[in-house]
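What Swiss-Prot lists as ATP binding site is Gly108, Thr109, Asn110, Gly111, Lys112, Thr113, Ser114. As annotated by Swiss-Prot, meso-2,6-diaminopimelate binding site applies to Arg378, Asp402, Asn403, Pro404, Arg405, Gly453, Glu457, with the evidence given as sequence analysis. Sequence annotations record features per position, and here Swiss-Prot assigns N6-carboxylysine to Lys217. The feature motif 'Meso-diaminopimelate recognition motif' is assigned by Swiss-Prot to 402-405.
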Amino acid sequence: MPMPLNQLLPAAESGVLIRELTLDSRKVRPGDLFLAVPGTQQDGRVHIADAVARGAAAVAFEAEGAAPMHAESAVLVPVKGLAGQLSAIAGRFYGEPSRALHLIGVTGTNGKTSVSQLLAQALDLLGERCGIVGTLGTGFHGALEQGKHTTPDPVGVQATLASLKQAGARAVAMEVSSHGLDQGRVAALEFDVAVFTNLSRDHLDYHGSMEAYGAAKAKLFAWPNLRCRVINLDDAFGRELAQQAHDSRLIGYSLSDASAFLYCSEAQFDDHGVRARLVTPRGEGVLRSNLLGRFNLSNLLAVVGALLGMDYGLDEILKVLPQLQGPAGRMQRLGGGDKPLVVVDYAHTPDALEKVLEAMRPHVQGRLVCLFGCGGDRDRGKRPLMAAVAERLADVVWVTDDNPRSEDPAQIVADIRAGFCAPEQVQFIHGRGDAIARLIAQAEAADVLVLAGKGHEDYQEITGVRHPFSDLIEANEALAAWEAAHA
C-alpha cells in the first residue's frame, strides 16, 4: 500500500505517496523512494540523479557530507544518520511485519543454516507455518528463492518478512550474520527468540579481531523485548554470553555439562544417525535423528531449546525430530554401500572442517579423504589453519580451488600449503571439477570422501564472474563413472 512520505519520514514536509522503497537506483520505478546512503564499496548519493531520471517520487539521502543538490521532479529529504534508520523506515512502510510473527534469530559462526532449516521444518510439522531467511535463500522449506547475503539489507529484510507474513507464515527462522548485526540490517526487528550456536575464526577480514566479531554476535542477545536466549554452553564464548544479565529467559544446551537446561547423555552415533537421552528440568526423553555427527546433535539441541522457548512441550518436540532432514550441502551423503561414500559440506572454517572430519571418522572403514580450498578475498589467516586441521584428521588430503574471486589461485594455495607439516604428501590440483573427478576415480569402496567448502553453492566465482558449478553434480557424475569402471 502506498504511504505518504511525511508519515514515513518525519523530517519530510511533503505528503507525496510512496509506492516502494529501494536502495538501488537501477531498480527505481515511478513513485518510489530512493534511499541514498554511503556504503562500504560506493556512495549511493552519486546515483541520485539516475534515480530521479527513472521517476523517483522522493529521495532520502545522508545529510552528513552531502553536496548541495536540487531536483525539479522529486522531493529531496536530507536525513542525518540515515543508514542507522533504514530498518525502522522500512518497518513503518511494510507494516512492522516482525511484530506479527514469532521471529527466531539464529547466529553463530557455524550451524546457522542447519538450525534455521531444521527449526522451520519442526515448526511446520507442529502446525505453525514457518518462513526462512538465510544462506540458502528466503521462503518456505522446500521452496527457497536464493539471495545474495545471509542477512539481506535493511529494506530487503522488512520486505521479505512482510511477504512471508502475507504468504501465511506465523513464524520465521532467520539467520542473523555478524555483518547484518554490525551494519544494522535487523535493527528495528522484534525478535522473540535468539539462538547462539558457536564462535570460531571467520570474517576477521571484516571485523579485525575475534573480540569485535564476538561483540557483533552478542548484540542479538541484548535485544529489546527478547523473550528467550538459547545458548550453546559447550562453546567458550557461549558460556560468557550466558553469564550476561538480561531480562530474557535463558535456555542453555550442552553435550557435556549435566547442569545445562538441555543436556544429552548416552549419545549413540551410527550410519543411520543418532540416538540420545535428553535430560531437562521438564523431564527426560529419547532424541532420535537421521542426521550424522556430534555437531548435528548440538544443532538439534538448539532447535529443541528454541521450541521450548516458544512454549512447545517436550513430548511433541521429540516426536517431530526424526522427521527433520538436513539442508542441502550440509553433511549431504552421496554414494555409499558398494561405492565410496561422498559427503558434501559447506565447512569453510577451521572449526567447521574439524567437526565434519571428526563426525565422519567413526563411519570410515577404508581411508578418510578430505578435499578443500579457501575462498579468495577473505580472511587469509585461516588458510594455514585449515590445512593443519585437514592434515591432522584426514588420511589423505587434496587441495583445490574454492571461489578464488579476484585473487590468484596460486597465492591462495601457497597460503594453504604453509600450514602443512608434510606438503609433499598433499595433492594440489587447480580446477575443482577435475580434482573431484580424479579424487573419486581413485577411491576405494570403503573410503569416505569429504568435499568441503562449497556445500549447496551452484557456482565457482572467478575474477568477478560466477560460473555454473556444483560439488553435488560433479560428485554424482564421478560416482556414476566410478560405478561403470567397477561393474
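Every residue number used here counts from 1 along the chain in the order it is shown.
Cβ atoms are placed via backbone N, Cα and C, with glycine included.
Sequence features, as recorded in Swiss-Prot, placed on the structure.
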residue	record	Cβ contacts under 8 Å, 6 or more apart
Asn110	ATP binding site	Thr197, Asn198, Ser200, Phe295, Ala347, Thr349, Asp351, Ala352, Lys355
Lys112	ATP binding site	Val106, Gly134, Thr135, Thr150, Glu175, Val176, Ser177, Thr197
Thr113	ATP binding site	Gly134, Thr135, Leu136, Glu175, Pro327, Arg330, Tyr346
Asp402	meso-2,6-diaminopimelate binding site	His348, Phe372, Gly373, Cys374, Gly375, Arg432, Gly453, Lys454, Gln460
Asn403	meso-2,6-diaminopimelate binding site	Gly373, Gly375, Gly376, Lys454, Glu457, Gln460, Glu461, Ile462
Pro404	meso-2,6-diaminopimelate binding site	Gly375, Gly376, Ile412, Glu461, Ile462, Thr463
Residues other than Arg378, Asp402, Asn403, Pro404, Arg405, Gly453, Glu457 within 8 Å, Cβ to Cβ centroid, of the meso-2,6-diaminopimelate site?
His348, Gly373, Cys374, Gly375, Gly376, Asp401, Lys454, Gln460, Glu461
If the ATP site is taken as the center of the Cβ atoms of Gly108, Thr109, Asn110, Gly111, Lys112, Thr113, Ser114, which further residues of that chain fall within 8 Å of it by their Cβ?
Val106, Val115, Glu175, Thr197, Asn198, Asn299
Rounded distance in angstrom between the Cα atoms of Ser114 (ATP binding site) and the residue listed as 'N6-carboxylysine':
18
By the count of other Cβ atoms within 10 Å, pick out the sparsest of the binding-site residues Thr109, Ser114.
Thr109
Secondary structure at Gly111 (ATP binding site) (DSSP, helix/strand/coil)?
coil
Tell me the Cα distance separating Lys217 (N6-carboxylysine) from Arg378 (meso-2,6-diaminopimelate binding site), rounded to the nearest angstrom.
19
What are the DSSP helix/strand/coil residue counts across the motif 'Meso-diaminopimelate recognition motif' (402-405)?
0 helix, 1 strand, 3 coil
What's the longest C-alpha separation between any two of Arg378, Asp402, Asn403, Pro404, Arg405, Gly453, Glu457, the listed meso-2,6-diaminopimelate-binding residues, in angstrom?
17
Taking the Cβ of Lys217 (N6-carboxylysine) as centre, how many other Cβ atoms lie within 10 Å?
25
How long is the line from the C-alpha of Thr109 (ATP binding site) to the C-alpha of Arg405 (meso-2,6-diaminopimelate binding site), rounded to the nearest angstrom?
22
